[in-house]
């Protein structure tokens, strides 16, 4: 959905009027079903750390870790889970996801958003079933790779699809539905792990349900409408108008449809190869850098270190296995509740405000965690921490989770999905997902080794990065709240810093935007004149 009305160009940026359509029951249902794709990523992220701490799973696949846990702590308790095979199990999914999302951009542009979602769902079903029946480490990794292919495809296409079907005034709310379902998936995984913690083959019941969100996405792709943008791009103009009218709940979509058609006319002659080539020109460099860097920042908040390894972390600090798994459920519940706040307020307060506030909150929480662990382990050495201290650390981690869940979590997916023009969107969103999976792989592969080597310092490491993130959000990120997707590039062209990065292309973008503003204004005036004459 184009999202936006007449744009009034001012000296400082863009403001928007209203298109005729608004939030309808139909568009909410469509967004809800597509956002279920977030369950794929969420369930897998949530189940990974918990299943690793299940006794039967450890004995079968990671006997070295199990043996180390049974020994008296003579070395640092931070090193209990420092195991190469365990790190490969966690991070292999993200390596596969990185590969699949490179192909996802081609599939999305040529076969459509629906087909891409269907293929991603099918991969996830296959991966969940393979893991549920895994007999050895090799089979486990194959299942993880299949899951990675599914997550890569889903993560690339679902945010893009949501941005294209959502009305601009509610784009943030509906797009964050994806992140909300990621958090719901994490919570469900925590509940499943806790429920099966004492079962001999409970780990199979933890890994197997991963097929369920894949099935939901696959079946949903059969009934969801294709996005108007893709239909127009493929020459199905009238069908695109019909879908847009249904999404908007009104037949008066001329201005919005004109925006979509104009954007498609620019993008149509551009091949996928040209789309990738265009992305690396100065004209599109601001969006490219924003998209990639925000993925780096999202992962270097330390979020996946927490989500992957919450049970592992608390086990390392001396908590009993059941208590460690229960802590995961608590963290998951806080995650869901805080993401709901982002759903309600992202279109009210804007992206930058949430990133800045959330970044400061996360930084203080990481700093507190590092300092408390340094002080307490100096007191207790390799002995388990007292329950009161562990509970305090859990509370601080929940503060971190809440800050992330209404800021860098949802904005890390929302912002890249709304800043690219149609001709660069497939390649641009692919770059965002590649960045996300690349840095998720790095964190998944390295965190337990970092924890072993840096001890409490690993939390101070993430706190330092959070300071940098907040400063970048303050000075370098344009506010995209309420700005139509097709005109976000003009927002960058008028930004004090990105204007210089774009060079002469900035003036070209501003001139093109002014022409489109005039055209959209003329269409609306015609409509008003026609109504007045009736």
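Glycine too: its Cβ is placed from the backbone N, Cα and C atoms.
Swiss-Prot has this to say about the protein:
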TOPO_DOM  1-21  topological domain 'Cytoplasmic'
TRANSMEM  22-42  transmembrane segment
TOPO_DOM  43-87  topological domain 'Extracellular'
TRANSMEM  88-108  transmembrane segment
TOPO_DOM  109-114  topological domain 'Cytoplasmic'
TRANSMEM  115-135  transmembrane segment
TOPO_DOM  136-144  topological domain 'Extracellular'
TRANSMEM  145-165  transmembrane segment
TOPO_DOM  166-173  topological domain 'Cytoplasmic'
TRANSMEM  174-194  transmembrane segment
TOPO_DOM  195-204  topological domain 'Extracellular'
TRANSMEM  205-225  transmembrane segment
TOPO_DOM  226-299  topological domain 'Cytoplasmic'
TRANSMEM  300-322  transmembrane segment
TOPO_DOM  323-328  topological domain 'Extracellular'
TRANSMEM  329-349  transmembrane segment
TRANSMEM  353-373  transmembrane segment
TOPO_DOM  374-387  topological domain 'Extracellular'
TRANSMEM  388-408  transmembrane segment
TOPO_DOM  409-433  topological domain 'Cytoplasmic'
TRANSMEM  434-454  transmembrane segment
TRANSMEM  457-477  transmembrane segment
TOPO_DOM  478-534  topological domain 'Cytoplasmic'
Exercise for the section: Go through 115-135, 174-194, 388-408, 434-454, 457-477 and flag the stretch with the largest number of C-beta pairs under 8 Å relative to the transmembrane segment (145-165). Expected result: 115-135
Handout entry: Distant-in-sequence neighbours of the transmembrane segment (88-108), which means Cβ under 8 A and at least six residues beyond its ends
Key = 44, 48-49, 52, 61-62, 115-116, 119-120, 123, 137, 140-141, 144-153, 155-157, 160, 272, 275, 308, 426-427, 429-430, 433-434, 437-438, 440-441, 444-445
Practice task
Return the stretch with the most CB pairs under 8 A relative to the transmembrane segment (174-194), choosing among 22-42, 115-135, 353-373, 457-477.
Solution key: 22-42
Fill in the blank from the handout: Lying 6 or more residues past either end of the transmembrane segment (353-373) yet within Cβ distance under 8 Å of it, the residues of that chain are 301-302, 317, 342, 345-346, 389, 392-393, 396-397, 399-400, 402-404, 406-408, 411, 455-460, 462-463, 466-467, 469-470, 473-474, 477
Exercise for the section: For the transmembrane segment (205-225) and the transmembrane segment (329-349), check the count of CB pairs under 8 Å (sequence separation 6 or more) and say whether it reaches 3 or more. Expected result: no
